[in-house]
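J.: Have a look at this one before I ask anything.
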Amino acid sequence: MVLIKFSLRELASRPLRVALTTLSIVIAVAAVVSVSIATKTARVGQERMFAAVAGRTSLEVIAAGGSGFDFRLAAELEKLPGVQAVPVIRRYSIVYLPEDKKVRVQILGVIPERDRLVRDWELESGKIADDGTGVMLDAPFAKNLGVKLGDSLRMLTPSGLRESEVVGLLVPRSGAAVLEGGLIYMPLGLAQSRFRMRDRIDALQIVLDDGVDLEQTEQAVARQLPEGLTVRRPALQSGLADGTMLATELGLKLATAFALVIAAFIIFNTFQMAVGERRRQLGILRAIGATRGQVQMLILREGMVIGLVGSAVGSLVGLLGAHLLTIATAELLQTDMPAIQVTVFPFLLALGFGLGLTFFATYLPARRSGSLSPLEAMQAVPPGEMEGASLRTTIGGAVLVAAGVVLLFVSMIGWLPVEVAVDAVVLLLIGMVLLLPVSLGLLAGIVYNLVRPVFGVEGRIAQRQLLRHRGRTAMTIGMLFIAMATGVGMANTIFDNVGNVHQWYQQAIVGDFFVRALMPDMATGKAADMPAGLDQEIAAIPGVLKLDTISFKQVESGEELLIAVIRNFTQEKQVYFELLEGEWTSVRRQLFEGQIVVGSVYAQKHNLKMGDLLPVKTREGVKELRIAGVVNDYIAGGMTLYMQRTVAQELLGVEGVDAYIVQADHSQLKSVQSALEELCDKHGLMLQSYADLVDFIERMMNGVVAGLWALLALGSVIAAFGLVNTLTMNILEQTREFAVLRVVAMTRRQVRRTILAQAVIMGLVGLAPGVLMGVLVAYLINLSTLPTTGRDVSFLFRPWLFTACFVGAFVVVLASAFLPAERAARIKLSKALQSE
């Protein structure tokens, strides 16, 4: 109990240092919690969307390419024992609300009484929409839209803008019927009429009676299906959502890992300094009977208290971060996200990280405090500090550096996967930090010779004082080194990836104006249907030179789904995408011959290359289509294939257009834009110029990129805290020395210059090599991008970025020295001379 009170008094006596250490834990834990919750939320949003549409469905029958088929198949399948087949039309549309607001919704064309076999809902008010032009809405969705019973909704359909009265409001009775984006239930006959699907449906959702064997029924259904139809399990759709989010999650997790590494260094350094400062107190405790174990537990207990508080506060901050990341993800995926999914797991994870980091970071200082004898502890500087680096640390550092170099070499020559190069760099970073105490004298001497003309004798004093505490100095320099290396590496990687996206859309999106409804759902390839005959109206506008179309369809290959991007490819000189394999002239010819082009992410995942055959389910069964080329693509996370429109119509039954791409005479741009605006107002469509679309894409990227920059900035802040701690500790331990120097005529200005010189020496020793290592980190992250994500991102050497990072970090170093320097300069001599 006495030692517990002693620990609490010790923590209370140093509020600034405790606050800085706690804040480093808060930042690291908040990063873990926010990324974990935001990732879970995005995935739950996708799962709910599919669950709402699938409901109790065990199997579903669809046509290749998402084209429709005869609804009378339902009666044939229901002859199978234990099978109930529910026909459904699934289409996206735009609902127009007052004040020029519009929202993308999914319309389900259903037979209401049959639909209850699939989706569990009950009528809250109004009546069942089983005939006429009335529709039903989810009651929570209607409330969000401000729509009431009896209101009229305008919806975009292939037949143009059509109105329907809201005749019923539904309440979901299970989670499977909840869709955050909103559902509109429309009578099947009305949906067939408005979406021009006479006697056809999009899918049959099959519900099985209890006890019916799923696999046997799936085989029996497959035998009953005509050519071009397939039976599958609904869960298959979630794979595209995974592909869409993969790169975002990897980037956030990588940046979070860097924040954790830097936080571990700051905690370790802080407690190492705390043990050094209190060595006399600990020696007295040992002298009056405290055991080694009690002294070790004293330090560990203090660390765990800080870790517990930091984890708790970090968890709360992480909730706010998760909310902001969820908003950014919603912008990226162009869909509504559910409320953040708060479960116990992220907080247990945060507690584990916070306490785990603290335990491992305080274990060595605690062990060291218990290992000193009372006599050693009461000396001015412990022997370990004066003798320099331990042999064990030096050997460990050398082994890690050697292992990193070997792994780097064998991965570069192809004996190991190239992504191992990133692991090799991590080993190199840690090994170099462990070797710093050995090389500190040489490096500090080189830097001192560089700054001697500026600092003179103050620089010499600063150098000697830093070498007097090699362990602490080396750890602080190591923290700056890792922060700079990871920061430069991540910053350059962010610029490389943003540049890659720019290069992609400059080739993939060529046009002056774009006419569409809203963005298609990249998890299913479905978009709101465009009015029929719109292409003729656009082509008739004076000044329109070329009109291209683009459509998206979901296709199946083996056990995976892809998004088929369908275009006309009519322009011989226009390159429609960034080819990684293949030459455009021959690729275009092969597209017209029925071959396909695949996205690099999918190609890398399945080890596909130009000339390989890809099995694709078509209206005529599974066909093996030859790959004419591989492209860098960001649509649907790169899980794409490209087809020429005529080929897609024949194989997939593609109908309609998702967007029109208009190229106009630049001398008539204003008149063409005015005519297109009139046309879009008439049909309730959206018109975007090229500049608008580029701005839209930039805003989608900015949310995630801002999150990565924020995590890097947090790492820099943590490193700055570490430097402040080190300089402050140096001042506390140099209190008597500074007082003696002041007595023998050292001025306040010279004291400030000495502290500033310490910061400059540590900054240059840590930051300059950190920039060089950061360039290597950036190159190797870039090198591993293709094998890990399937994207071929070019590495660019950016001297301005590396210079800016170095200068910015060096300014932070100088700023971090300001408060410690002022504190040292204002020490009262009478009190300082009494200091031990």
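Each residue, glycine too, has its Cβ placed from N, Cα and C.
TrEMBL labels come from automatic prediction, so no person has curated them.
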J.: What range among 15-39, 340-364 does TrEMBL record as transmembrane segment?
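T.: Residues 340-364 are the ones TrEMBL records as transmembrane segment.
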J.: With pairs 6 or more apart in sequence, are the transmembrane segment (424-451) and the transmembrane segment (305-328) linked by at least 3 Cβ pairs under 8 Å?
T.: no
J.: Counting Cβ pairs under 8 Å that sit 6 or more residues apart, are there three or more between the transmembrane segment (472-495) and the transmembrane segment (340-364)?
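T.: Judged by the Cβ rule, the two regions do not touch, with the required three close pairs absent.
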J.: Should anything in the same chain at least six residues away from the transmembrane segment (755-781) have a Cβ under 8 Å from its Cβ atoms, list it; otherwise answer none.
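T.: Distal contacts: 408, 421-422, 424-425, 428-429, 432, 440, 443-444, 447-448, 450-451, 455, 458-459, 461-463, 465-466, 473, 476-493, 496, 723, 726-727, 730-731, 795, 797, 802, 805-806, 809-810, 813-814, 816-817, 820-821, 824.
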